[in-house]
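Features as listed in TrEMBL:
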DOMAIN    9-218  domain 'Aspartate/glutamate/uridylate kinase'
BINDING   14, 15, 16, 17, 57, 61, 164, 170, 173  ATP binding site
BINDING   56, 76, 137, 138, 139, 140, 141, 142, 143, 144  UMP binding site
Ligand SMILES: Nc1ncnc2c1ncn2[C@@H]1O[C@H](COP(=O)(O)OP(=O)(O)OP(=O)(O)O)[C@@H](O)[C@H]1O
Ligand SMILES: O=c1ccn([C@@H]2O[C@H](COP(=O)(O)O)[C@@H](O)[C@H]2O)c(=O)[nH]1
């Protein structure tokens, strides 16, 4: 008989910002965010400690035209602020769903959200609250995938879960290579050597060095998050 207990006690969930758009051109689609939160609530209610990093692609790519020719670091700060907006929307939807969510920002905007303080984040997780890490790493030239790897390592997560628009890691981008094949698992070294664009190399390297495995799976597939948390066969595992 299979064990009904979750396979992981504490996870870091990286949610795609772009997926939040649903079928819209940019921004946050209400039905999509509600559905994502329902999936998260299911695993929180199983007793799993959940920390979240959300991307900013749904907002930032919508204004990216305005950043053409801009100083790179300034444009990156705009991107980090986009993740703050997504984090606020996500935490609000979580609180409405009956979860208790706290947003912690890597950039000081204290009138809006509390700053990231590691011991406080650990305390919230132990209390069963969902912690949403906003503003990425707080540094330009990085991504929210790297923020997920960084915060995942800091909080002692057992797994980083990348919930994205595709159902795993492929031999090439399945959007542009329909004949690409999906891996059920691969090593960090293989992912880096093949320059697989599903995550940036900095995120892969950090997880490799910290021996923090990553599961890539589709956020659009009903119940996929729960299956990953239960240790079932879902998506692609990237490991040391
Ligand atoms: N080898 C690959 N396997 C799978 N997907 C790939 C691969 N190479 C590139 N991709 C693309 O990477 C995308 C996911 O990465 P990306 O970082 O753009 O999105 P995200 O993290 O979901 O969004 P956001 O940055 O808004 O949070 C997929 O939609 C897919 O098209
Ligand atoms: O640590 C970070 C995280 C993000 N950025 C900037 O924000 C955007 C949006 O993040 P995505 O990971 O692409 O969703 C990103 O393109 C960067 O411009 C950052 O500078 N530092």
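Cβ atoms are placed via backbone N, Cα and C, with glycine included.
Unlike curated records, TrEMBL annotations are generated automatically.
The binding-site residues in question are 16, 57, 137, 141, 164, and the one with the fewest Cβ neighbours inside 10 Å is 141.
Geometry remark: residue 173 (ATP binding site) versus residue 56 (UMP binding site), CA distance 20 Å. With a cut-off of 6 Å between Cβ and the nearest atom of ligand 1, the binding-site residues 14, 137, 139, 141, 143 reduce to an empty set. Each residue contributes its Cα atom, and for residue 57 (ATP binding site) and residue 137 (UMP binding site) these two points are 16 Å apart. Non-local contacts of residue 139 (UMP binding site) by the CB criterion (under 8 A, 6+ apart in sequence, same chain) comprise 106.
Proximity to residue 16 (ATP binding site), defined by a C-alpha to C-alpha distance within 10 angstroms, is shown by the following binding-site residues from 56, 137, 141, 143: 56. Proximity to ligand 2 at the level of Cβ atoms, with a cut-off under 6 angstroms, picks out 143 from the binding-site residues 143, 164, 173.
The record gives 56, 76, 137, 138, 139, 140, 141, 142, 143, 144 for UMP. Within 8 Å of the mean position of their Cβ atoms, the other Cβ atoms in that chain belong to 79, 80, 136, 146, 147. Within its own chain, residue 143 (UMP binding site) has 55, 136, 200, 202, 203 as residues 6 or more apart in sequence whose C-beta sits under 8 angstroms from its own. The CA atom of residue 56 (UMP binding site) is located 11 Å away from the CA atom of residue 14 (ATP binding site).
The average per-residue pLDDT of the prediction over the domain 'Aspartate/glutamate/uridylate kinase' (9-218) is 96, rounded to a whole number.
A gap of 18 Å separates the Cα atoms of residue 141 (UMP binding site) and residue 14 (ATP binding site). With every protein chain in view, the residue among the binding-site residues 14, 56, 173 whose Cβ has the most Cβ partners within 10 Å turns out to be 14.
Maximum intra-site Cα distance, ATP binding residues 14, 15, 16, 17, 57, 61, 164, 170, 173: 24 Å.
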